[in-house]
Amino acid sequence: MDRQQWGTRAGFILAAVGSAVGLGNIWRFPYVAYENGGGAFLIPYLFALLTAGIPILIMEFTMGHKYRGSAPLTFFRLGGKKSEWIGWWGLSVAFIISTYYAVIIAWSMRYTIFSFNQAWGEDPEAFLFSEFLKLDVAPGETGGMVWGILIPLIIVWGLALGILFKGVKKGIEMANRIFIPTLVVLFLIIVVRAVTLPGAATGLNAFFEPNFDLITDPTIWVAAYGHIFFSLSIAFAIMITYSSYLSKKSDITNNAFITGFANSGFELLAGIGVFAALGFMATQMNVPVADVADAGVGLAFAVFPQIINQFPGMNGLFGVLFFLSLTLAGLSSLISITETYVAGISEKFGTSRSKAVVFGGGLAAIISTLFATQGGLFFLDAVDYFINQFGVAALGLVEVIMVIWILRKADGLRSHANLTSDIKLGGWWKFCLVFITPIVLGYMMFGLLKQNILQEFATDTGNYEGYTTTFVLFGGVAVAGAALILGILLSLTKWNKKHASFNEEDKKVG
Amino acid sequence: MSMGAIVMMIVGIGLLWGGLTASIVNAVRKSRKTA
């Protein structure tokens, strides 16, 4: 059977943007920018986008397009067994991320319903932790199942796997054609409403006020590169898998620029909406913006419900728009994350797509119920931190070193991209991948390892979030380590004979 | 809002949305209809 393909160029771009635009764009970027120099952060951020984000995106698009396989198959065809394990490592990381990412989408879905009558009441923070998550166990304990999370979680997995069952064109492409334009429209309404609230200018001032003194501080450059890296869905198999469904003559470089700029454009829009709303809340409470600014779960599920409570009118509608946006952004990303292992399993073991969806997606869905327990948030927080830092970021570094330094594929990939792309790649692209990306990521990984091994966090235990060393080891480090070991083990198994060989000449365009 | 914040907002929106618009216009100009 022929390999599946995207129906149109726009379909591919919408799917890639749908993957890149996720929860982090809405709840991570605004706070990272605010904490790292405000408006001045935009300088290292743009620099990171152009020297690391887009160059890696071009590299991954080209690899998928040239070798036409899931991440493990692409790495196998690129460098044989020597590099195949990197593809499986990425796929294992994607598998783990999907197990908890689905749970956050389930929360968003539930909060969309809560928004109608602001069911969180006068104290949204207490409601979140006590009534909704029922978080009254210690880190490392599961407690009982929380049915209010489990039921929407089943719906989330049902939707995601249902879309994946339909295939690339009729499933993923069709879903993103609906999700992404809807998300943009919903978020534009949120932003327009937020910037017209009293106090919005105070919030925007806090967000954009540049602190140029910080520009020489390496920390903000690392924060910018780190954010671009996590935001673009690069380095964990997704973009390689998606680009492997492109037709032979499709553009690569310009598609990467559109995807990169769309992702960053959206998160800047999110920053405007979030900080305008925070400015409104700070004004209502008569406190500085710094007192209400937050990120992650706290921002979305505790601070935003408080903002919705204080809205001058149509509180429910604003809440529905916000949580529906989170749900759509999350769902389009979850689909892309799950597709990586559906494709990998199907190609390695020669199973049908449907069986791979049932087995891979089903297993992830079962494991994700761990995060729907009373202690789920602690597990989610630890796994998320360690899998991102020692899964995604480490993978990015290893991937670039393997492809560019060890296998020396930069020139070959550049020639391949230039065959079909509107924008021709010059020496800048190779320079970014040979020098800038490995140096910045290497520096970042060194800092992270040092901080975690020497327990340098400003907490009681010195560990991330003040967790005990036992919980950090079993709830975080072991999970990130398991992804690497699983990746190596899977690379030792034999390929289905249909994919066991690859002739580069066959795949040249022309 | 301070002048610095306004300038950075305009620069950020201009560069990111300008970059996106330029990339899309470039793609449309080449009029590639298929992926």
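Yeah, the Cβs are placed from backbone N, Cα and C, and that goes for glycine too.
Just so it is clear, the model here is predicted, and its values are computed rather than measured.
The transmembrane segment annotation in TrEMBL covers A:12-30 (among others). If you look at the transmembrane segment (A:12-30), the same-chain residues 6 or more away from its ends with a CB under 8 A from one of its CBs are 6, 101, 104, 172-173, 176-177, 179-181, 183, 207, 227, 230-233, 238-239, 242-243, 245-246, 250, 255, 258-260, 262-263, 266-268, 270-271, 274-275, 295-297, 299-300, 325-326, 329-330, 332-333, 335-337.
What TrEMBL lists as transmembrane segment is A:42-64 (among others).
As annotated by TrEMBL, transmembrane segment applies to A:85-107 (among others).
Taken from TrEMBL, the feature transmembrane segment covers A:145-166 (among others). Long-range contacts of the transmembrane segment (A:145-166) within the same chain: residues 102-103, 105-107, 109-110, 132-134, 172, 174-175, 331, 334-335, 338-339, 342, 353-354, 357-358, 361-362, 364-365, 368-369, 372-374, 376, each at least 6 residues beyond the stretch ends and with a Cβ under 8 Å from a Cβ of the stretch.
According to TrEMBL, the feature transmembrane segment maps to A:178-200 (among others).
For A:220-245 (among others), the entry in TrEMBL reads transmembrane segment. Counting residues 6+ beyond its ends, the transmembrane segment (A:220-245) has Cβ neighbours under 8 Å at 3-6, 12, 15-16, 19-20, 22, 24-25, 28-29, 32, 35-37, 40-41, 44-45, 47-49, 52-53, 56-57, 60-65, 67-71, 74, 87, 90-91, 93-94, 97, 168, 214, 252, 259-260, 263-264, 267, 333, 336-337, 339-341, 343-344, 388, 391-393, 395-396, 399, 440-441, 443-444, 447 in the same chain.
Under the heading transmembrane segment, TrEMBL lists A:257-282 (among others).
Only residues 6 or more beyond the boundaries of the transmembrane segment (A:320-344), in the same chain, are considered here, and those with a CB under 8 A from a CB of the stretch are 15, 18-23, 25-27, 69-73, 87-88, 90-91, 94-95, 97-98, 101-102, 104-105, 108-109, 111-112, 114-116, 156, 159-161, 163-164, 172, 175-176, 179-180, 182-183, 186-187, 189-190, 233, 236-238, 241-242, 244, 300, 304, 308, 353, 356-357, 360-361, 364. Feature annotation from TrEMBL assigns transmembrane segment to A:320-344 (among others).
Per TrEMBL, the feature transmembrane segment maps to A:356-380 (among others).
When Cβ-Cβ distances below 8 Å are used as the criterion, the transmembrane segment (A:386-407) is approached by residues 56, 59, 63, 78-79, 82-83, 86, 89-90, 93, 96-97, 226, 229-230, 234-236, 413, 430, 433-434, 437-438, 441-442, 444-445, 448, 452, 464, 472, 476-477, 479-481, 483 of the same chain, each at least six residues removed from its ends. Marked as transmembrane segment by TrEMBL: A:386-407 (among others).
What TrEMBL records for A:428-449 (among others) is transmembrane segment. Sequence-distant contacts of the transmembrane segment (A:428-449), counting only residues of its own chain at least 6 positions beyond either end whose CB sits under 8 Å from a CB of the stretch, comprise 48, 51-52, 55-56, 58-59, 218, 221-222, 225-226, 229, 389-390, 393-394, 396-397, 400-401, 404-405, 410-411, 414.
Summarising the annotation, TrEMBL assigns transmembrane segment to A:469-492 (among others). Sequence-distant contacts of the transmembrane segment (A:469-492) (same chain, six or more residues past either end, CB-CB distance under 8 Å): 72, 81, 84-93, 95-96, 139-140, 348, 378-379, 382-383, 385-387, 389-391, 455, 461, 463.
Counting C-beta pairs under 8 angstroms (sequence separation of 6 or more), the transmembrane segment (A:257-282) reaches the transmembrane segment (A:178-200) with 3 or more such pairs.
Sequence-distant neighbours of the transmembrane segment (A:356-380) (same chain, 6+ residues past either end, Cβ-Cβ under 8 Å): 95, 98-100, 102-104, 106, 129, 133-146, 149-150, 153-154, 157, 160-161, 164-165, 297, 338, 341-343, 345-346, 467, 471, 475. Residues 33, 36, 74, 78, 215, 220-221, 223-225, 227-229, 231-232, 234-235, 239-244, 246, 252-253, 255-257, 259-260, 264, 396, 400, 403-404, 413-414, 416-417, 425, 429, 432-433, 436-437, 440-441 of the same chain lie 6 or more positions beyond the ends of the transmembrane segment (A:42-64) yet place their CB under 8 Å from a CB of it.
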